[in-house]
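Noted in TrEMBL for the protein shown:
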type    : residues                                                     : note
BINDING : 7, 8, 9, 10, 11, 137, 138, 139, 140, 141, 142, 143, 144, 145 : ATP binding site
BINDING : 53, 58                                                       : substrate binding site
Ligand SMILES: Nc1nc2c(c(=O)[nH]1)N(C=O)[C@@H](CNc1ccc(C(=O)N[C@@H](CCC(=O)O)C(=O)O)cc1)CN2
Ligand SMILES: Nc1ncnc2c1ncn2[C@@H]1O[C@H](COP(=O)(O)OP(=O)(O)OP(=O)(O)O)[C@@H](O)[C@H]1O
């Protein structure tokens, strides 16, 4: 089977698994993950953080946004260009600067936000559905983050995941770029 097909199956399997989990259980795990994140030296040092706005069973990032703003960090969220499959980050200081976008996503409203210089980001939270302890990940299949990271190779990257999202032997393709760290409710993984 081709890597693409295996990725599709694994994505669906983990999504299904997540949909069966008890929301209260997940919320407890989320708070453990947040606490580990906020203790991380890279987070503490970061002045300019890129995050997505979580939807559905993704690990909550709204609390991360709030915490970052409290800690006087510049927080930035991406706007997708669905044709080119690229991401452009914009500074956000309030939820009022967000609007509903395609695919059920919340994205910055360009009329209300300033564009971020990619080189200024120093900490990027990378979303995904399935992860390996080598730092490889499977996302929604847009290739948005692989493309973004290939242009920003030295950026510090971190993914948040429940243990049940980890799998051994993820298929990898030439373009896949591993994240530098993964935080689960049980551990800090630095591949
Ligand atoms: N909360 C959140 N925001 C995020 C991401 C994310 O994973 N989570 N992304 C992480 O990258 C980007 C959005 N990723 C996307 C990836 C694919 C499609 C999409 O159009 N999917 C097609 C089917 C794709 C396919 O299977 O070929 C569709 O459903 O029509 C949309 C958004 C940026 N924002
Ligand atoms: N750096 C890149 N340059 C060109 N095409 C790319 C690049 N990275 C990924 N792609 C294309 O994007 C498609 C989707 O990639 P992949 O399945 O790895 O996405 P994903 O990691 O699940 O999604 P995302 O990064 O949006 O979370 C691939 O088929 C690939 O052709």
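Note that the numbers count up from 1, one per residue, in the order the chain is shown.
Cβ atoms are placed via backbone N, Cα and C, with glycine included.
Note that the structure is predicted; figures quoted are calculated from it, not measured.
Known features from TrEMBL, placed on the structure.
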residue	record	Cβ contacts under 8 Å, 6 or more apart
7	ATP binding site	130, 138, 141, 170, 171
9	ATP binding site	none
11	ATP binding site	129, 130, 138, 140, 141
53	substrate binding site	61, 62, 65, 77, 98, 105, 106, 107
58	substrate binding site	52, 127
142	ATP binding site	80, 82, 85
144	ATP binding site	78, 80, 85, 86, 87
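Checking the binding-site residues 11, 53, 138, 142 against ligand 2, the ones whose Cβ sits under 6 Å from it are 138, 142. Checking the binding-site residues 7, 138, 144 against ligand 1, the ones whose Cβ sits under 6 Å from it are 144. Just so you know, the Cβ of residue 140 (ATP binding site) picks up 14 other Cβ atoms within 10 Å once every protein chain is counted. Summarising the environment of residue 138 (ATP binding site), the number of other Cβ atoms within 10 Å of its Cβ, over all protein chains shown, is 23.
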